[in-house]
Amino acid sequence: MILIRNVRLVDAMGERGPLDVLIGEGRILSLEGGEAKQVVDGTGCFLAPGFLDLHAHLREPGEEVKEDLFSGLLAAVRGGYTDLVSMPNTKPPVDTPEAVRALKEKAKALGLARLHPAAALTEKQEGKTLTPAGLLQEAGAVLLTDDGRTNEDAGVLAAGLLMAAPLGLPVAVHAEDAGLRRNGVMNDGPLADLLGLPGNPTEAEAARIARDLEVLRYALRRSPATPRLHVQHLSTKRGLELVREAKRAGLPVTAEATPHHLTLTEEALRTFDPLFKVAPPLRGEEDREALLEGLLDGTLDAIATDHAPHTLAEKEMDLLRAPFGIPSLEVAFPLLYTELHLKRGFPLRRLVELFTDGPRRVLGLPPLHLEEGTEASLVLLDPKERPVDPQGFASKARFSPWTGWRLGGWPVLTLVEGRIVHEALE
Ligand code: DOR
């Protein structure tokens, strides 16, 4: 039994407390205290349901030099995540039931965050032949996506949506038009011209989202079940507007935004530092502001990390050659707590929802509210400020575009079904 004393509670329903939370048998036993062997002083901290990340690259199998299940899932619990969806763009891609099963079993044995693998929508993520959705789901896949690749053939995406619909599996898309994006390494526009770098235009995202929404309309018309489209890492104002209109028209579409698109802009590229190179690219301030509005009005369902670890040697190459990607599992919540809630007054309740019930809904999971009887997959967050120090990351990617930023809201205790999986109490 664990007792967390005098702690404020925050979930998608709101804030309350301070209360004394008694945890045992994997559940919240009482919000009125009780006897426990381990007592944690929660004064000044707040307790939230465990976070779910819809989008993390853990690189296993094949690129364990960048990350593996152990380092990635340890980074996850240190970031307050009790559940995580791993992307299938590994080497080889996760496109068979055997591969999904192997990941699930290995992750379970580690006893850290719970892994929910995404499987490739097409064999080898080549965009041609669909994978066996039913068998992948039976093996434990919760989402189908060719993430990292851009599903050029609309007919294949349509067939994928039709195949996944009766299973209730969402299909997630990396919405960038390959032709418009070309070899862009940053946002297209005057700054890219000034820096002499190839640009990736906002229209590459918007054009692809527009197409994918038409594909969804078609699948909806042709399927007796509801096809579900999830748009990954939205980065543009126009892309957001398209999703907003589609939602208003009742289309079954959901969307996520990343910590980097919510806190950084293309201005960071003035340094020519590949730490800021990511796909889709960091955009302008107007796009970032639009994303913040999208978080508030429900156009965005979730904040998802797109945690994309690479080796430092790769990220130290020049901007044209370095790989795309930003690691963020360990800083995502403190970053948004500080930059959105503390600095801009973004409601804490909604922020927590975007890390918990929002992503849970995308996967069709029930909400997790802090009540007696609720599963004790929880995170205790400490508002005390600390600077970001990537040298202390559990992730193998020990670098960060946010190095030195002073943040509050650090996870100091993470529990999965009542078991402590991360503890950094002072
Ligand atoms: O920046 C990115 N990195 N975007 C992607 O779509 C893929 C990811 C990766 O796997 O490194």
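Any Cβ shown, glycine's included, is placed from N, Cα and C.
In TrEMBL, annotation is done automatically, which means it is predicted and not curated.
Under the heading active site, TrEMBL lists D306. D306 (active site) carries neither a helix nor a strand DSSP state and counts as coil. All protein chains included, D306 (active site) registers 30 other Cβ atoms within 10 Å of its own Cβ.
Taking Cβ-Cβ distances under 8 Å and a sequence gap of 6 or more within the same chain, the neighbours of D147 (Zn(2+) 1 binding site) are H55, M87, P88, N89, A118, A172, H174, Q232. Feature annotation from TrEMBL assigns Zn(2+) 1 binding site to H55, H57, D147, D306.
Counting only same-chain residues six or more apart in sequence, the Cβ atoms lying under 8 angstroms from the Cβ of R59 (substrate binding site) belong to K66, E67, D68, G72, T90, P309. According to its DSSP assignment, R59 (substrate binding site) is coil. Look at TrEMBL and you will find H57, L58, R59, N89, H310, F324, G325 tagged as substrate binding site.
What TrEMBL records for D147, H174, H233 is Zn(2+) 2 binding site. Packing around H174 (Zn(2+) 2 binding site) is summarised by its Cβ count: 22 other Cβ atoms lie within 10 angstroms of its Cβ, all protein chains included. Under the DSSP three-state reduction, H174 (Zn(2+) 2 binding site) is assigned to coil, being neither helix nor strand.
What TrEMBL lists as domain 'Dihydroorotase catalytic' is 46-237.
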*asked:* Below 8 Å Cβ to Cβ and six or more residues apart, same chain only. Which residues does that give for H233 (Zn(2+) 2 binding site)?
replied: H55, H174, E256, A257, T258, H261, P280, A304, D306
*Whose Cβ lies within 8 Å of the mean position of the Cβ atoms of D147, H174, H233, the Zn(2+) 2 site, other than those residues?*
H55, M87, T145, G148, A172, V173, A175, Q232, A279, D306
*Using the structure shown, find which entry in H55, N89, F324 (the binding-site residues) has the sparsest Cβ neighbourhood within 10 Å.*
F324
*Around ligand 1, within a Cβ distance of under 6 Å, which of the binding-site residues H55, H57, R59 show up?*
H57
